[in-house]
Amino acid sequence: MTAILERRESASLWARFCEWVTSTENRLYIGWFGVLMIPTLLTATSVFIIAFIAAPPVDIDGIREPVSGSLLYGNNIISGAIIPTSNAIGLHFYPIWEAASLDEWLYNGGPYQLIVCHFFLGICSYMGREWELSFRLGMRPWIAVAYSAPVAAATAVFIIYPIGQGSFSDGMPLGISGTFNFMIVFQAEHNILMHPFHMLGVAGVFGGSLFSAMHGSLVTSSLIRETTENESANEGYKFGQEEETYNIVAAHGYFGRLIFQYASFNNSRSLHFFLAAWPVVGIWFTALGISTMAFNLNGFNFNQSVVDSQGRVINTWADIINRANLGMEVMHERNAHNFPLDLAVVEAPAVNG
């Protein structure tokens, strides 16, 4: 009898836990994805803060030349970063227990891999949690779909690119100047500015900013007057009101006359779908471009493609970019190799005798 009661209490406790996890009445929705999201993001955030403040220098290139990234080792907020895991580790899974000591783990950049792996699980769980909450509320799933764009971008630079290049040391450092360094080196090695998927990403980000500003300014400029001159226009809206707060016909007429008629949406639903889809698709393409360049399917190469009748090269902007790429590549990992990879792979001329 006691065993039966204990089983009932246990089942009841589990049932109450399940109900609490999936309840939409909580101030913050947890969800089953949240059960994974909370510990992984807390771990990633905690280790990031500790490592950013106090991590010792990391031998990023695997040549016994440690690079300092933390505040206590001479950096500031702008120059500081979590240094990627050492090239000596490559793509090996490198948890703390795989190192001979904690000092060795820190020297080889173990915190970077720990942070990236937990962060990846956390943001994927956050995306799943968005879908889960939408499902429970009877909403459509497009919020999670939109969030998949930054998830894809983060996955590309932190996971796919290191896999393609053969080492986590090629991943993006977790810091401001480290991010810029990653961008410069990426351009030098892959000519990303000449990759069409990057161009689509630029169009998505800047186009999304433009469309967001246009939409916000049009709506703000065509609000239906509900207040006096002495009140804020924002007081004219009450949360949950049924009537429209702005005149879409006026906004449509203005923009149609400013550009041309068919440049303006006359359907609010299709307009907002467009505002969501444009940057999302652009960032998807950028993430796809990073993932292909990870395996050295690089941007277009138009170097020395224009010549005169005598066969002499007429430089174009492609040649200027190529010269800049070589200069940046020379300065990258300058103690790990003596020449840019583009020059190092050229065969030496044959010597007779």
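Using N, Cα and C of the backbone, Cβ positions are placed for all residues, glycine too.
Copied over from Swiss-Prot, here are the features:
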BINDING   His118  chlorophyll a ChlzD1 binding site
BINDING   Tyr126  pheophytin a binding site
BINDING   Asp170, Glu189, His332, Glu333, Asp342, Ala344  [CaMn4O5] cluster binding site
BINDING   His198  chlorophyll a PD1 binding site
MOD_RES   Thr2  phosphothreonine
MOD_RES   Thr2  N-acetylthreonine
SITE      Tyr161  site 'Tyrosine radical intermediate'
SITE      His190  site 'Stabilizes free radical intermediate'
TRANSMEM  29-46  transmembrane segment
TRANSMEM  118-133  transmembrane segment
TRANSMEM  142-156  transmembrane segment
TRANSMEM  197-218  transmembrane segment
TRANSMEM  274-288  transmembrane segment
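Structural mapping of features recorded in Swiss-Prot.
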| residue | record | CB count, 10 Å |
| --- | --- | --- |
| His118 | chlorophyll a ChlzD1 binding site | 20 |
| Tyr126 | pheophytin a binding site | 20 |
| Tyr161 | site 'Tyrosine radical intermediate' | 22 |
| Asp170 | [CaMn4O5] cluster binding site | 22 |
| Glu189 | [CaMn4O5] cluster binding site | 20 |
| His190 | site 'Stabilizes free radical intermediate' | 23 |
| His198 | chlorophyll a PD1 binding site | 22 |
| His332 | [CaMn4O5] cluster binding site | 16 |
| Glu333 | [CaMn4O5] cluster binding site | 16 |
### Query
Which residues, given as numbers and ranges, are at least 6 beyond the ends of the transmembrane segment (197-218) yet have a Cβ under 8 Å from it?
251, 254-255, 271, 274-275, 278-283, 285-286, 288-289, 292, 299
### Message
Given a Cβ distance threshold of under 8 angstroms, which distant residues of the chain, six or more beyond its ends, lie next to the transmembrane segment (274-288)?
### Response
142, 145-146, 148-150, 152-153, 155-156, 197-198, 200-205, 207-208, 211-212, 215, 265
### Message
Under a three-state reading of DSSP, tell me whether Glu333 ([CaMn4O5] cluster binding site) is helix, strand or coil.
### Response
coil
### Message
Just to be sure I understand: of His118, Tyr126, Tyr161, which recorded positions have a C-alpha no more than 10 angstroms from the C-alpha of Asp170 ([CaMn4O5] cluster binding site)?
### Response
Tyr161
### Summary
Cα of His118 (chlorophyll a ChlzD1 binding site) to Cα of His190 (site 'Stabilizes free radical intermediate'), in Å and rounded, measures 28
### Summary
recorded positions Tyr161, His190, His198, His332, Glu333 vs Tyr126 (pheophytin a binding site), shortest C-alpha separation belongs to Tyr161
### Query
Roughly how many Å separate the Cα of Glu333 ([CaMn4O5] cluster binding site) from that of Tyr161 (site 'Tyrosine radical intermediate'), to the nearest whole number?
18
